[in-house]
Amino acid sequence: MEYSRKTYLDLNIMAKYILILSLFFGPGLSWDVFYSGDEDQLSLARERRAANYNPSPHMSTWERNEIQQEILNILGLQHRPRPPSLRGGQNQFCAQFTEWSYYRTLNIDEQSGHPSETEPQPGGLASNAIYNSPDSSGIGSVMSGTVFNYTRNEVQAVSQADTIMSLPVHYKDAAIEDTEHRYRFDIGRIPQGETVTSAELRVFRDAGRQGRSLYRIDVLLLRERGSDGSRSPVYLDSTIVGAGDHGWLVFDMTSATSTWRSYPGANVGLQLRVESLQGLNIDPTDAGVVGVGNNEGREPFMVVFFQRNEEVIATNSHLRRNRRAATRQKKGGKRPRKPDTDNDIASRDSASSLNSDWQCKRKNLFVNFEDLDWQEWIIAPLGYVAFYCQGECAFPLNGHANATNHAIVQTLVHHMSPSHVPQPCCAPTKLSPITVLYYDDSRNVVLKKYKNMVVRACGCL
């Protein structure tokens, strides 16, 4: 079995992640953010949580903060998000509902973090047609009568994106020039090191508010006023709706988002324009278009799709770790920690000789975000099973060891000369991502995929 340099780097990152957990946590539940061991132990841990069981923590505040910061670093966050209280009525629920629908679309198994190979089939053709899907997530109950729509382009964008961010209307500039159909979005919180691959505006159309007519709805990009006082708006996208079209309209905003990101001063807002097929201007409200100020959870919002730049993100993560290491050194280095004799991960070597089930294998490790008090910014999942690898890679290696050729040779040499060459290590050989839905500091809803977070298979390396 051959591994590329990138694979070894990924395995190294995961090994560091597991090492951090194993240094501090074990099935003894010294801190119940993490549960490890077999299924019975996990069930017992959950029962104790349900009974408000709270074991005495073995770690100091410093160690707790270090663990939290390391996990945030793995998640690509510089600090714990602290979203402000909800502003703007029900509009935020539109964005959250959409992201939750994307979360469900990805069909993530929260226990294993493994995405299903199946994809939803919207059944439509045009990129901005309306497709309705009833809500069963629970979040949509805030928006009575609201339906969520998929487009074919959107399904593809969701599956290819590493990060998806929903942007509600920026309330500071919500009603530009006193009209509910001109609005602005704050893209200042778009993450660094990620490239915009697609962006869309979602506007709700209520079929019950208008007569039996066809309308053309255009989205225009507003620009700074010229010397004559005019804005000279730029056409972005349009769609035609009929009398029975009810739901969220989707417009392509990729070019506008790229412009705003390159030139933040150019972001002066968007405008909706509605015309009859005869070319007559129609008030958008008369055509059933819901604008700013709606308190039924149907205000316009944007969704932006990103793909990460691995090199930039890896560099930023490395720099953050170096800064934190330097800070620790200035404060006197790493704090000493008493050995945890109850932690069977830390005492793996001594335990393995007494354990008949000693071979390298995957074991359960549950990471609980609620016990980190992160539920105020993490929407889903509440936790996930990360798993870890533990066991011996001793001679002779059997077929279940999933060993590399190098590990087999190393085992033979170790068997002949154990004092000169160590045994191969039991480590992850296959990893899979998880998807996390959370609020950022501006209470934008973010859906992000994190690679190499779940151990799918273990082997001797």
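Placed from the backbone N, Cα and C atoms, the Cβ positions cover glycine too.
The structure displayed is predicted, hence computed values, not measured ones.
Candidates considered were C458, C460. The record in Swiss-Prot pairs C393 in a disulfide bond with C460. The disulfide bond recorded by Swiss-Prot for C360 reaches one of C94, C426; that cysteine is C426. If you go by Swiss-Prot, C458 shares a disulfide bond with C389, out of C94, C389.
Put simply, C389 (disulfide bond) is 10 Å from C460 (disulfide bond) when counted between their Cα atoms. Taking C393 (disulfide bond) as the reference point, the disulfide-bonded residues whose C-alpha atoms are within 10 Å of its C-alpha, out of C360, C426, C458, are C360, C426. Proximity to C389 (disulfide bond), defined by a C-alpha to C-alpha distance within 10 angstroms, is shown by the following recorded positions from C360, N402, C426: C360, C426. Under the three-state DSSP scheme, C458 (disulfide bond) falls in the strand class. Listed in sequence order, C360, K361, R362, C389, G391, N402, C426, A427, P428, T429 are the same-chain residues at least 6 apart in sequence whose CB falls under 8 Å from the CB of C458 (disulfide bond). Ranking the disulfide-bonded residues C393, C426, C460 by other CB atoms within 10 A of the CB puts C393 at the bottom.
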